[in-house]
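**Student:** Let me give you the structure first, and then I'll get to my questions.
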Amino acid sequence: MKVKNICCIGAGYVGGPTMSVIAQKCPEINVTVVDLNEKRIAAWNDKDVENIPIYEPGLSAVVEDARGRNLFFSTDVDEAIDQADMIFISVNTPTKTYGIGKGMAADLKWIELCARQIARVATSDKIVVEKSTLPVRTAQALKNILDNTGNGVNFQILSNPEFLAEGTAVDDLLKPDRVLIGGDLDTEKGKDAMQALVDVYAHWVPQTNILTTNVWSSELSKLTANAFLAQRVSSINAMSELCEVTGADVNEVAKAVGMDSRIGPKFLKASVGFGGSCFQKDILNLVYIAKSFGLNEVADYWEQVILMNDHQKRRFAANIVKTLYNTVSGKKIAMLGWAFKKDTNDTREAASIYVADYLLNEQAEIVVYDPKVTEEQIYGDLDYLGSRPDEENRKLVKVVNTAKEACSEAHAIALMTEWDEFLEIDWQAVYENMLKPAFLFDGRKLLDKHKMKDLGFKFYAIGN
Ligand SMILES: NC(=O)c1ccc[n+]([C@@H]2O[C@H](COP(=O)([O-])OP(=O)(O)OC[C@H]3O[C@@H](n4cnc5c(N)ncnc54)[C@H](O)[C@@H]3O)[C@@H](O)[C@H]2O)c1
């Protein structure tokens, strides 16, 4: 079958960019991205394409190209479901905050709501694609809900996890290492549905990069990929602490280790800890699944990746307090960067939130500058932790528009995100405008330590 109308439920960091690229590359397919969040949809439809709700290099141009032609953003979920022959579910699947599996299992309530809505609205056969990251065997639950409507509609469920990385989403979508499609390989209808999705991607992805597997392998591969990536970060971060006490340099160790072709150089950069919406939640979910099958050793093994990450954030913050003569009370700490990595405005699980919270508990005064994150988001992130009254967060934390302003009269700087523009800062001027001794804590290993020391900074970087 040839797909003519695609609907994507969820206009977030995955649904928005993924569908924009599909629309750009498949001009004969109508793509409608729907969301319950009216503000988000209005931003996707903003006349000025620079105001779309997600910052990703190159994304505005893709949206400009396709929007209004064959790419549409809407809040009319029912209408889009009704029109579509293929429906992507790209809604959020955060860690549960209540009940059984609290703090570990994925909360699938939004997924189930989508399935029930599709079941209610659909009057013609549909291919339903899991784009969200889901626990292995979720497709079975979706199938049970969809097949029990009794309205005679045939649903094929595919798993098509998204591997894009925020900050490079458009490049990743245009040139994916692989596209993974899981489906029912045992039936003709299942194979046809898989082929229909293969044909969508084949508009721009070489066939050799499109993998087809059974559904469970596809679902589990996504969790596994994120677990392996996060594990590498926690592994090098564990070594960074050992480097600090032995005199080894973690960059040198990473280079030497990464040149082994069996290991490879990527994802070996020590830092204040990984963030982002996915790594932690997906590993917790993996741990939960392993535990629920009684595989306690497997669960403990992966849980350690999270524990190491929490430790890394905490020890970075603790080192700031210790270095500033064991107190930051009433001291001004400039935080450069709030996003969980450069080139995104996403702050979910960003290390900066936890470091700021730690320092606020020590009564520090914090001034934040991030080139893409709004003041509203920063306060929202801190309020969400519930560590102190919201008004106190506004009293103790200021958000400013330039790095220079953030660092002026500061006792210390904590560099939290590796934004390229931080390399261009006039560090000499920053040094001159700070209180002395001027402490600089580089949580991303972005800056040249010799240059910073020569300027006069008391300079600390992870793993040195
Ligand atoms: N962010 C990433 O880098 C990334 C990468 C790969 C996979 N994923 C996975 O993709 C999924 C989506 O992630 P995201 O970062 O795009 O999340 P997001 O929170 O940015 O977007 C999800 C959107 O879904 C909408 N939504 C929820 N329920 C809905 C419903 N019933 N009807 C209509 N809209 C609804 C929400 O309003 C929200 O705008 C998650 O499962 C995530 O694990 C994310």
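The backbone N, Cα and C atoms fix where each Cβ goes, glycine too.
Sharing the feature lines straight out of TrEMBL:
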type     : residues                                                     : note
ACT_SITE : CYS278                                                       : active site, nucleophile
BINDING  : 10-15, ASP35, ARG40, 91-95, 132-133, GLU166, 278-281, ARG348 : NAD(+) binding site
BINDING  : 162-166, 222-226, ARG262, 269-275, 340-341, ARG444           : substrate binding site
DOMAIN   : 334-449                                                      : domain 'UDP-glucose/GDP-mannose dehydrogenase C-terminal'
**Student:** So, three-state DSSP: helix, strand or coil for TYR13 (NAD(+) binding site)?
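**Tutor:** Its secondary structure by DSSP: coil.
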**Student:** Using GLY273 (substrate binding site) as the reference point, find which of the binding-site residues TYR13, THR95, GLU166, GLN280 has the shortest Cα-to-Cα distance to it.
**Tutor:** GLN280
**Student:** Can you tell me which of the binding-site residues GLU162, ASN226, ALA270, PHE340 is spatially closest to GLN280 (NAD(+) binding site)? Compare CA atoms only.
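**Tutor:** Result: the closest of the binding-site residues to GLN280 (NAD(+) binding site) is ASN226.
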**Student:** Given a separation of at least six residues and a C-beta threshold under 8 Å, show me what packs close to GLY10 (NAD(+) binding site) in the same chain.
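**Tutor:** Looking at Cβ-Cβ distances below 8 Å from GLY10 (NAD(+) binding site), excluding near sequence neighbours, one finds VAL33, VAL34, ASP35, PHE88, ILE89, SER90, VAL91, ASN92, LYS131, SER132.
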**Student:** Among all protein chains shown, how many Cβ atoms are found within 10 Å of the Cβ of GLN280 (NAD(+) binding site), not counting that one?
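**Tutor:** Excluding its own Cβ, GLN280 (NAD(+) binding site) sees 21 Cβ atoms within 10 Å.
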**Student:** Near ligand 1, which of the binding-site residues TYR13, ASN92, LEU223 are found, taking a Cβ distance under 6 A to any of its atoms?
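**Tutor:** Near the molecule: TYR13, ASN92.
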**Student:** Can you tell me whether DSSP puts CYS278 (active site, nucleophile) in helix, strand or coil?
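**Tutor:** In the DSSP reduction, CYS278 (active site, nucleophile) maps to coil.
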**Student:** At the Cα level, what's the spacing in Å between LEU223 (substrate binding site) and TYR13 (NAD(+) binding site), rounded?
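**Tutor:** About 18 Å separates the two Cα atoms.
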**Student:** Could you check what DSSP calls ASN92 (NAD(+) binding site) once collapsed to helix, strand or coil?
**Tutor:** coil
**Student:** Tally of helix, strand and coil residues over the domain 'UDP-glucose/GDP-mannose dehydrogenase C-terminal' (334-449) according to DSSP?
**Tutor:** 45 helix, 19 strand, 52 coil
**Student:** Do you know which of the binding-site residues ASN92, THR95, ASN226 has the most other C-beta atoms within 10 angstroms of its C-beta?
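**Tutor:** Going through ASN92, THR95, ASN226 one by one, the largest Cβ count within 10 Å is at ASN226.
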**Student:** Express the predicted model's confidence over the domain 'UDP-glucose/GDP-mannose dehydrogenase C-terminal' (334-449) as a mean pLDDT, rounded to an integer.
**Tutor:** 98
**Student:** Counting other Cβ atoms within 10 Å, pick out the least crowded of the recorded positions ALA165, LEU223, ALA270, CYS278.
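**Tutor:** The recorded positions ALA165, LEU223, ALA270, CYS278 were compared, and ALA165 has the fewest Cβ atoms within 10 Å.
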**Student:** So among TYR13, THR95, GLU166, CYS278, all listed as recorded positions, which is physically nearest to ASN226 (substrate binding site)? Use the C-alpha atoms.
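**Tutor:** Looking at Cα distances from ASN226 (substrate binding site), the smallest one goes to CYS278.
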